[in-house]
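Database features, via TrEMBL:
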TRANSMEM  A:13-32  transmembrane segment
TRANSMEM  A:53-69  transmembrane segment
TRANSMEM  A:75-95  transmembrane segment
TRANSMEM  A:149-176  transmembrane segment
TRANSMEM  A:188-221  transmembrane segment
TRANSMEM  A:228-246  transmembrane segment
TRANSMEM  A:258-276  transmembrane segment
TRANSMEM  A:283-304  transmembrane segment
TRANSMEM  A:377-398  transmembrane segment
TRANSMEM  A:410-437  transmembrane segment
TRANSMEM  A:443-464  transmembrane segment
Amino acid sequence: MPQNNSLLKSVDWVVVIVYVTLVAFGWFNIYAANYNPENPVLFDVGREYAKQLLWIALSGVIIWVIFMTDSKFYVAFSYFLYGLSVFLLFSVIFLGKEINGAKSWFEIGPVRFQPVELAKVATALTLARIMSRYDFSFKKTSNLMRVGLIWMLPVICILLQNDTGSALVFFIMVLPFYREGLSGNVLVFALIGAVVSVLTLVYPNVIILAIIIASCFVFLAFKIQYKFIGYALFFGIIGFSVSYIAFKVLGKDIRLDLFTLVGAIFISIYLAISGLNKRLKAILPAIVFMWGAIAFTISTDYFVEEILSEYQRNRINVLLGFKDDPLGAGYNVNQSKIAIGSGGFLGKGYLDGTQTKFDFVPEQSTDFIFCTVGEEWGFAGTALVVGLFVFLMIRLVILAEKQHSVFSRIYGYCVASIFFFHFSINIGMTIGLAPVIGIPLPFFSYGGSSLWGFTTLLFIFLKLDTNRSELIR
Amino acid sequence: MNRRTIVVALIFISVGIAFLIKLFILQVYDPSYKYSAESNTRREIINYPARGLVFDRNGKLIVSNQANYDLMVVPRELKKMDTLSFCRGLNISKDELKELFREMRSKLKRRKISSIKPSVFYKQLSAEQYGYLQEKLYKFDGFFVQRRTLRKYEYPNAGHILGYIGEVGQSTINEDDYYITGDYHGINGIESTYEKFLRGKKGYEYVLVDVHGREKGAFRDGHFDIPAEAGKDISLSIDIELQKYGEELMANKIGSIVAIEPATGEILTMISAPTYDPSLFVGKKRAANFATLNQDTLMPLFNRPIMALYPPGSTFKPLNALIGLQEGVITPESKYECYMGYSVGSFHLGCHSHYSPLDLRHSISNSCNAYYCHVFRNIIDQSKNSSVQDGFELWKNYLVRFGFGYKLGVDFANEKRGFVPNHKTYDKIYNKSWSSLTVVSLAIGQGELLATPMQIANLGATIANKGRFYTPHIIKGIENDTIPSKYKTIRETNVDSTHFRPIIEGMELAVWGSDGNTAGIARIPDIRICGKTGTAENPHGEDHSVFVAFAPKEDPKIAIAVYVENGGYGSRYAAPIASLMVEKYLKNEIHPTRKWLEKRMLEGDLIHASE
């Protein structure tokens, strides 16, 4: 089998080894999360680790199928796959089974399947295909519209399923877009937009954030005049400090939001005066934007806190993907941080965790599997996992850049970005750096759908990579 | 490589580095999460120690403990449960249970209680409730029973002295780290004063639990468990039998009895009438009983011996005589005329009829007002004083040394200081133009002067001791500890002991004198009791009957002050009651010839008769 021999030779074994390591390590942690120290049973077929072993075995089949398929197939069938997945995403809204408030699962007999996993692959392929056309440019409105439409259809369907976490994954496509020529400002925009929309509802004193955003835009507006911005910020800090000291001296309760507001007023005054002096036209919109942002955050806060009933507020939180948290704000994250933090440098030892055993941590084998790593393997284990993921993502980007075919490159970026999003949100939420959005950690979290989805994503790229010197169309 | 590629790679790397930093802080740098993890899997079971017992001076048990159980809840561990069986166990209705849950939720909302820590769900289970629940408790996740001890009072007496036990308030929790919400502590009385000795030390037991609160055995083999330390027993200086007798004598009267052992300053009894049974303040019924007592117009909760302020009246005369002797403005042989009172120009201060003139001893036994007007004015107006103000301050300082005008320092937090005016008081009232005559009513213990019954009893003890006293106190002993040193320190007055002889003899004559006495009714066979009657003027009704005494004359064992509100002359109620108390204390029984007096006092009703 000469073809197979060359295939084995051209496969990027580094990525494969990382993949196998992650999956194996993931399985051991699922085992640990299911392990009951009071009733130690070596292997129980009914438990999650047993099923996960089956899913892993089936992943091998998937990998084999992917490698046996010609690379051209993925280009040719990308539209079909996309159409199929959008159809499935749409029909699951009506036919799906509701789990954790989201109607995103098909259930056929004992088999459960989440079409969003297929949609990730299909959307990545389709975007790669459209954007790899030789005359493609983001500067063309028609191209932009087409990409936007391809991107938006699955997102809308997923939102209708009430599976906000998964919908958010698609936003990370901004990275491949950026690589392919979308303006860098959009990246900044997207980042700021994400930060505002999420943090406004998560944290109090959000005005501080609004100020950051505002200054970002001041930066954009006066890209050249750094000195100007420096002065503005300087005045802002003065305003903040003065009010802070005044409150301190008067013995009043510290109100950071109020101080920030004072700082913002100082900035505006400075900007307005120097803007008038130097006849800078961009000043006015900048100020208007800043105050708009401030008004927005305050009113969102006010709207959510004061006007909405508790029931409605919960609905909004669920809609935004924040897990229903009946035990009080931050309970899950706190438990998760305690579990990870208690691991120390080398961990408590495999199967010796306590926090991830007695159900203190929620969803301990799925969304919060990273806690088991943290508790039992310590910083050594978590650093290894973080390191492996970053290595994998960088490796994928490097491989993508080596592709002769633009299609493969774009697809590679999509894969790396999707991993990146899952990686940052999942681990971020377990250590309190990201909001609690229930999305799995690739290769680690228990579940067939997600494991197969990530495996498919990765190995289609590895398959494309075996033909890296060819032009795939 | 493309610049954009580097940007994307940098984004990946920076998130990775941010995670590594955060993980390093969480796992290696900041140890607090390790402790949290322990407290997460570890349940602290608090063992409340038995509170110290309280004995009287003769070793009789006054206060002990009874076991009691609170139903505790950990809200987070609550599961769906069979409310019907739960209600049956607690013997409450479904609505009552709903109310309990509603209360719990509202406290949770207001962050008064924690959802992961135990708090009281239902206070003080009865024996049946406890028995039933103990069996069925495993069915109700999130609930467990906490043992506590409640007070048990062996006598229905001495409520004001003992105080009571109640849940700690937020301010106490803030002040003292020892307490947590739901703990009990002493409120009022010796329960409060000696709380630190009585409470003992809470014990802690640690067990491993899973997230459902199921116990999984001892934490680290009980290595960290701290056993509870029982509270220290204390003995009080009161004689509980005497206290009981006094309360019976004061039944249906308003007033106070304070008896002190002069040689030590120990309070032998301290009665506030009307009184209440301390058992009323035990357990669930406390709040209701407290409200009832609090609304009573006779103010049974008011601790009169140390809080009620009265003009001392004629009981004050011996003190003025002592000051006069010390200042040398009179001698025991000094005689003053009394023409039915004291007259200067148009001023007249009345007196009752007695023979005249009287010497010092007989001025006490006959309680002559005119005599003391002379004494008082002699003190104030003596030539060494440059002004009436100076003279007044001289006089006032004697009073302060005798314990008037300031808190004596008894072991009760709410003691009042009484009132002794200073010259500024009168400068203000009379615009600086006043003389000894203006304030001469102070000579007979009237005017602006106010004193607590405790201060008057202490005056009796000081005279019995010939010019020195120990701060009155009710603590006699603390298990394996010493009583506060201030109760072991003698306080000297500034009157020489030689001056006390004629005063004591005058007080003896007041009881035993054949040529005119004011308190003959207080005579006790075989006991040389010395006393002084008083009548505190009461503008609102019948005067208050006052008597201060000590006995026996040589080596006195008891000093006593009795106040009976609206009791009229001192000899009408206060003197008989005081003499009965003294007799009871020294002889342990009432002489047959005085049984009629005892009966009259026991049956005397000054509350209902007037209505």
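Just so you know, glycine gets a Cβ as well, placed from its N, Cα and C.
Note that the structure is predicted; figures quoted are calculated from it, not measured.
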Sequence gap of 6 or more, Cβ distance under 8 Å, 3 or more pairs: do the transmembrane segment (A:443-464) and the transmembrane segment (A:228-246) meet that?
no
What stretch of A:149-176, A:258-276, A:377-398 shows the most Cβ pairs under 8 Å to the transmembrane segment (A:13-32)?
A:377-398
Hey, which bits of the same chain come close to the transmembrane segment (A:377-398), Cβ under 8 Å, at least six residues off its ends?
12, 14-15, 18-19, 21-22, 25, 340, 343-348, 350, 370, 412-413, 415-416, 419-420, 423, 427, 442, 444, 461
Among A:75-95, A:149-176, A:228-246, which stretch has the most Cβ pairs under 8 Å to the transmembrane segment (A:410-437)?
A:149-176
Are there residues at least 6 beyond the ends of the transmembrane segment (A:149-176) whose Cβ is under 8 Å from a Cβ of it, and what are they?
82, 85-86, 89-90, 92-93, 96, 101-104, 116, 119-120, 123, 126-127, 130-131, 182, 186-187, 190, 194, 318-321, 410, 413-414, 416-418, 420-422, 425, 437-439
